[in-house]
Amino acid sequence: MSALPSSEHPPVVCLLGPTASGKTAAALALAQQAPVEIISLDSALVYREMDIGTAKPTREELASVPHHLIDIIDPTDSYSAAQFVTDAERLIAEIRSRGHQPLIVGGTMLYYKALTQGLNDLPQADPAVRAKLDELAAERGWPALHAMLAEVDPVTAARLAPNDAQRIQRALEIHRLSGQPMSELLARQADGRTFTGAADQRYRVIALEPSDRAVLHARIAARYDAMLAGGFIEEVERLRRRGDLHPGLPSIRCVGYRQVWEYLDGDTDYATMRERGIVATRQLCKRQITWLRSTPERLSVDCVAPDYVQQVARLAGM
């Protein structure tokens with residue numbers, strides 16, 4: 001049987017939420033109610049050999065329902081929002097052709113925005129420019145490059161942490177390639193873009209948001225401790241032994257991995273590494289919640305409520 005035209009399909013359910021908000025549990029519960037296939041919306045889960053620190057679903061969970069865009073690239077490679085859009089659109093069509101329902105699950109809000117609102121026209125990544133910026137960062141540190149960014153693009157610099165290496169590098173790269181601040185380029189593109197509301201009709205967005213952020217913070221600390229007890233440091237040691245990975249790669253910049261890498265370099269002690277890993281995860285959580293709350297089409301569920309899974313199921317309508 002051929003797939004129905006897109007307009008005849010129900011909206012694609014997108015289950016979005018910050019780290020430790022219970023997305024996996026809710027998604028697996030939905031899979032018990034309907035023939036779904038999960039499309040991961042997570043920039044860290046794409047990497048092979050990075051299981052513990054990314055809180056990747058267990059083998060049993062992965063086997064219980066089809067998952068996509070997990071374990072698809074090597075840690076030496078990178079994966080972009082553009083690649084996600086291409087892969088997600090292909091997967092949505094393939095899943096529907098099998099008579100199943102696609103369920104997008106994750107917390108990489110940039111990927112969701114690219115899928116539903118389109119990609120921007122910023123310059124493509126330039127390996128030579130990035131290599132030069134990596135050299136500068138190695139010499140001076142990322143806070144120094146953050147200061148450089150503040151001189152040429154204060155708007156972008158103001159919303160980035162001084163150690164947000166990946167985003168600082170991208171903003172400086174765009175400025176070097178275009179001669180213009182990234183914030184101005186994005187503002188001009190937003191001014192010239194009109195949205196028809198089609199995204200609202202094609203996607204049903206369920207957002208897991210905490211009524212009490214302290215509960216989520218406690219979960220984050222407990223989960224990070226569980227990762228450390230479960231072999232996270234040994235996982236990073238195995239990655240280091242490969243010999244082809246370094247802290248400048250997007251994979252090793254993932255929250256948690258960067259902090260453990262620094263610990264294994266001897267730059268910090270265990271207690272400092274643990275604290276920095278928890279703080280970095282909480283900062284990621286804060287950014288994710290900010291993104292979610294700027295998404296007007298979302299249907300909000302309190303992820304610390306005892307019946308949040310049941311609420312998600314009702315809103316999903318599967």
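Quick reminder: no glycine exception, Cβ is built from N, Cα and C everywhere.
According to Swiss-Prot, the feature ATP binding site maps to Gly17, Pro18, Thr19, Ala20, Ser21, Gly22, Lys23, Thr24, an assignment based on sequence analysis. Within 10 Å of the C-beta of Thr19 (ATP binding site) there are 19 other C-beta atoms, taking all protein chains into account. Taken residue by residue with DSSP, Thr19 (ATP binding site) is part of neither helix nor strand, so it is coil.
Sequence-distant neighbours of Gly22 (ATP binding site) (same chain, 6+ residues apart, CB-CB distance under 8 A): Leu208, Cys303, Tyr308, Val309. Feature annotation from Swiss-Prot assigns substrate binding site to Thr19, Ala20, Ser21, Gly22, Lys23, Thr24.
Taken from Swiss-Prot, the feature region 'Interaction with substrate tRNA' covers 42-45 (among others). For the region 'Interaction with substrate tRNA' (42-45), the model's pLDDT averages out at 98.
Per-class residue totals from DSSP over the region 'Interaction with substrate tRNA' (166-170), listed helix then strand then coil: 5 helix, 0 strand, 0 coil. According to Swiss-Prot, the feature region 'Interaction with substrate tRNA' maps to 166-170 (among others).
What Swiss-Prot lists as region 'Interaction with substrate tRNA' is 253-258 (among others), and the listing cites sequence analysis. Same-chain neighbours of the region 'Interaction with substrate tRNA' (253-258): 19, 43-44, 47, 50, 53-54, 165-166, 224, 227, 232, 236, 239, 247, 277, 280-281, 284, counting only residues six or more beyond its ends whose CB sits under 8 Å from a CB of the stretch.
Annotation comment: Swiss-Prot describes 286-293 (among others) as region 'Interaction with substrate tRNA', evidence class sequence analysis.
Non-local neighbourhood of Thr108 (site 'Interaction with substrate tRNA'): Leu41, Asp42, Ser43, Phe84, each in the same chain, at least six residues away, with C-beta under 8 Å from its C-beta. Here Swiss-Prot flags Thr108 (among others) as site 'Interaction with substrate tRNA', drawing on sequence analysis.
Marked as site 'Interaction with substrate tRNA' by Swiss-Prot: Arg130 (among others). Packing around Arg130 (site 'Interaction with substrate tRNA') is summarised by its Cβ count: 16 other Cβ atoms lie within 10 angstroms of its Cβ, all protein chains included.
Separating the Cα atoms of Ala20 (ATP binding site) and Arg130 (site 'Interaction with substrate tRNA') is a whole-number distance of 32 Å. Non-local neighbours of the region 'Interaction with substrate tRNA' (286-293) in the same chain are 16-19, 107, 109, 113, 207, 209-210, 213; each lies 6+ residues outside the stretch with a CB under 8 Å from one of its CB atoms. Local packing around the binding-site residues Ser21, Thr24 was summarised as the count of other Cβ atoms within 10 Å of each Cβ; on this measure the leading residue is Ser21.
Apart from the site residues Gly17, Pro18, Thr19, Ala20, Ser21, Gly22, Lys23, Thr24, the chain places the Cβ of Gly107, Leu208, Cys303 no farther than 8 Å from the centroid of the site's Cβ atoms, the recorded ATP location. For Lys23 (ATP binding site), the same-chain residues 6+ apart in sequence whose C-beta sits under 8 angstroms from its C-beta are Leu15, Leu16, Gly17, Val105, Gly106, Gly107, Leu208.
Other Cβ atoms within 10 Å of the Cβ of Gly17 (ATP binding site) number 27 in total over all chains.
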